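Worksheet: one structure, shown below.
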Amino acid sequence: MVRGGTAADPELTMTEKDDQIPVHLRDAPLRRTPRAMPENLPPYSFFAALLAVAYAIAHVLWSLTAPPAFVRTEFLFGPVWLAALPATLATVGYSFLRAAATSVRVLAVCATGLGCVALGAYCMLLWPGLAQLLTVPFGEPISSTEIGAIVLRAIGTAAALGIATAIVPVARALRHVCVNCGRNHAAPDNEALRWGRIGGYFALASFTVRMVPAVHSWIVEGGLGDPAGFPLFIALMIAAGTLLPLALISPWGQYWPKWLGPIAGRPVPRWMLLGPGWMMSAGLGAYFGIGGLTAVALGRTGGALEILAYTGWGAGLAVACASYARRTRPVCTDHR
Ligand SMILES: [Zn+2]
């Protein structure tokens, strides 16, 4: 298909275009947004790449000399130079993200992504370290070695996150969607609702699996010995397992329903659902998905069904949230 008129009749194309709502030429007649290269990568990704280079060089130098005490806490992952590998992979991938050849860009996206994930995983002890920092004002002691280790891991994590932001526009261009917003402006996005529904119903089913035995025991035991405020906690929990996943995939979660009078038909503020949705899925994923499943894998199989159900609930919510976030994205400044 020829885009926006023919080269043989440029004047006609111009007048036609003047009468129309300005639409980006590359999107107009095509069902798919063509593969375009993003004009710029996020500027801070460049500083993140510099940070990653410094991080890699420092680790190589430390492996050749006697490393300072705070670096020695990394020995539990292997030799000190090991940290230079993911940082180097991420940086090399980053430098090829804007290569001319599509195949090179695909490879660069994969290498950068792998490097960032590996570097983030290597620095994962940053998060317990930050939690430890929070206890310092309450009188818990912390050594300078521990602070040094936290700073080192913070640098690695910042480099991984910063470089990862550059992957987004490049990957969008490769996927034939708008570099700025991730939409396919040439076709309506029904796909996101389809996979979002699978996530929402999966969350609902997992929640039901979790709650059936609990409800049975409440009826039999009458909730004896439960602390005050427990009914509110249970009500919130039930809402997060039923209302929330359904709202994320239903029209009434996107626009206020008819019976709400004055606000009926107006868009629901997206963070009203995305806030609790992301928080629930992150909490369930971290506590039951990582913590619980690790305990089960180590042989502590008590409550395995509940742990699996909680994990499924969190995963389903995450999928439904991603779909909802996608469908309720703010209008793209490039294409109104
Ligand atoms: Zn867009």
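Any Cβ shown, glycine's included, is placed from N, Cα and C.
Note that the structure is predicted; figures quoted are calculated from it, not measured.
For reference, TrEMBL has these:
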| type | residues | note |
| --- | --- | --- |
| TRANSMEM | 41-64 | transmembrane segment |
| TRANSMEM | 76-97 | transmembrane segment |
| TRANSMEM | 104-127 | transmembrane segment |
| TRANSMEM | 147-168 | transmembrane segment |
| TRANSMEM | 201-220 | transmembrane segment |
| TRANSMEM | 232-250 | transmembrane segment |
| TRANSMEM | 271-295 | transmembrane segment |
| TRANSMEM | 307-325 | transmembrane segment |
For the transmembrane segment (201-220), which recorded stretch in the set 76-97, 147-168, 232-250, 271-295, 307-325 gives the largest number of Cβ pairs separated by under 8 Å? 307-325
Under 8 Å between C-beta atoms and at least six residues away from its ends: which parts of the chain pack against the transmembrane segment (307-325)? 192-193, 195-207, 209-210, 240-241, 244-245, 248-249, 253-254, 270, 273-274, 277-278, 280-285, 287-289, 292-293, 295-296
Where else in the chain does the transmembrane segment (271-295) make close Cβ contacts, counting only residues six or more beyond its ends and a cut-off under 8 Å? 240, 244, 247-248, 253, 303, 307-308, 310-311, 313-315, 317-318, 320-321, 324-325
